[in-house]
Amino acid sequence: MGIVFRQTLKNTVNTYLGFGLGAVNTLFLYTNFLTEEYYGLVGYLLSTANILMPLFAFGVHNTLVKFFSSYKEEEERRKFVFMMFILPLSVIIPVGLLGTLGYRYIAAFLSQKNPVVEDYTWAIYGVAFAMAYFEVFFAWGKVHMRSTFGNFMKEVFPRAVVMILLFMVHFGRIEIEDFVFWLTGMYLLRTAVMAVHTWTVNPPRFSWTFPVRAVSVWKYSGLIVVAGSVAVVLLDIDTFMIGQYKIINNVAFYNVAVFIAMVIVVPSRAMHQITYPITAKLMNERRREELQSLYQRSSLTLYVVGGLLFLWITLNISELYRVIPGNYSEGIIVVFFIALAKLSENLMGNNNSILFNSDYYRIILFFGVFLAVLTVILNMVFIPLWGIDGAAFATLLAVLVYNGTKIGFVYAKMKLHPFSAKTLKTTLLIIFLILVFGFWDFDFYPLVNIGLKSVLIGGVYLFLVYKLELSEDIVRIIEKVLNKKARR
């Protein structure tokens, strides 16, 4: 447990450090040092590479972790490792050949609306290749309980290098038109560093043939390709489709808005690490009443916390955009729609943990494919109508349908639901505070306004949460803080 705790702590620090660097880059450096067109180009290229990455990796980053320990004999394990390291090439090489032969046609298709994309289409393949093999090397570190370096290279390194590159653009050390070349080089360098680290710390040993149960491993990898592709499509397809329908500046506006709204789901990701094993234990022991209680408490706690973040973001967004230059404020409505979608995810509580630990876990893949198709269709309808606002609205609709379907499925099969009277009270409280604080701001510098208004909103919100006893867990935390202050 000592190793697990130390690595978890270091990984948490890396994650938050990476998030902080990403916030500075996204909100201030990209917006000040790159033109809207080139920031949009970067976002479009990276999103498209992200869509390709699960296909290029061929699920190896999950398959390696799942099956590595199941091969007990050293010779079979070496065969398995060999297969894992070459399996991505079965996709990467054919796609590379097709891309080379049909480069002009692919570039022409991707640049129909935005000619600037044509000269940089090659970067999509390079970045996707680098991302895929980085995940393979990272997975190798995980199976040897050495994830800290990989986590640093994943979360901190690219954001730190991007920050340096942006300052180099600002000070004229590199041309803005060359930024994509340097960015692609950074991803390739990251993969090379990870490869060197892999061969230095835990060098893999190969046997040049395939192991037993190879077909089962391939089938699982294929399933992971689909599941991973669905997950990435949900995250990046809207950005890709905006670039296909609208001028590429809109991608920049959209990316900034989405980054701001994504803050709302940070607590749910942290809680998932805690509730997942607890949910598994309760389900294995068939303790249904405790599972229902955990379902409702996790939902309510995340909803209350997410509600405060939602209020801080939506009620301060106009002031935040005052310190971001250019036309990025065109993403204000996007922030609201995406924030609403993410708030609904908090309302889910440990729903995903319940599904993953049930006999119905395969249904998640079906739901995911359904949501991916629905997201594409809705984007095709609403982006031509409303631009980036349409993309955000499409995402909101798709997420609400997806979340509603999962909640309904769990209730239909297990008679469990996350709602209570306090859920409605929390919703009414959020609406009430939007009406109270939504139509005025202080007359100071924007960042000062944000600070003052956030303190005021937070104070009123937490006071009412405490008085109305909306969440046992949050009330208990507030009481602990108050008792500590009273003792002083």
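All positions are counted from 1 along the displayed chain.
Note: Cβ is positioned from N, Cα and C throughout, glycine not excepted.
Please treat TrEMBL annotations as automatic predictions, because they have not gone through curation.
As given in TrEMBL:
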- 12-32: transmembrane segment (TRANSMEM)
- 38-60: transmembrane segment (TRANSMEM)
- 80-102: transmembrane segment (TRANSMEM)
- 156-173: transmembrane segment (TRANSMEM)
- 179-196: transmembrane segment (TRANSMEM)
- 217-235: transmembrane segment (TRANSMEM)
- 247-266: transmembrane segment (TRANSMEM)
- 327-343: transmembrane segment (TRANSMEM)
- 363-386: transmembrane segment (TRANSMEM)
- 392-411: transmembrane segment (TRANSMEM)
- 423-440: transmembrane segment (TRANSMEM)
- 446-466: transmembrane segment (TRANSMEM)
With Cβ-Cβ distances below 8 Å as the criterion, list the same-chain residues six or more beyond the ends of the transmembrane segment (179-196) that contact it, or say none. 34, 38, 41-42, 45, 120, 123, 126-127, 130-131, 133-134, 137-138, 150, 153, 157-158, 161-162, 165, 168-169
Answer with yes or no whether the transmembrane segment (217-235) touches the transmembrane segment (363-386) by the criterion of at least three Cβ pairs under 8 A, sequence separation 6 or more. yes
Check the transmembrane segment (38-60) against each of 12-32, 217-235, 247-266 and return whichever range has the most CB pairs under 8 Å. 217-235
For the transmembrane segment (12-32) and the transmembrane segment (392-411), check the count of CB pairs under 8 Å (sequence separation 6 or more) and say whether it reaches 3 or more. no
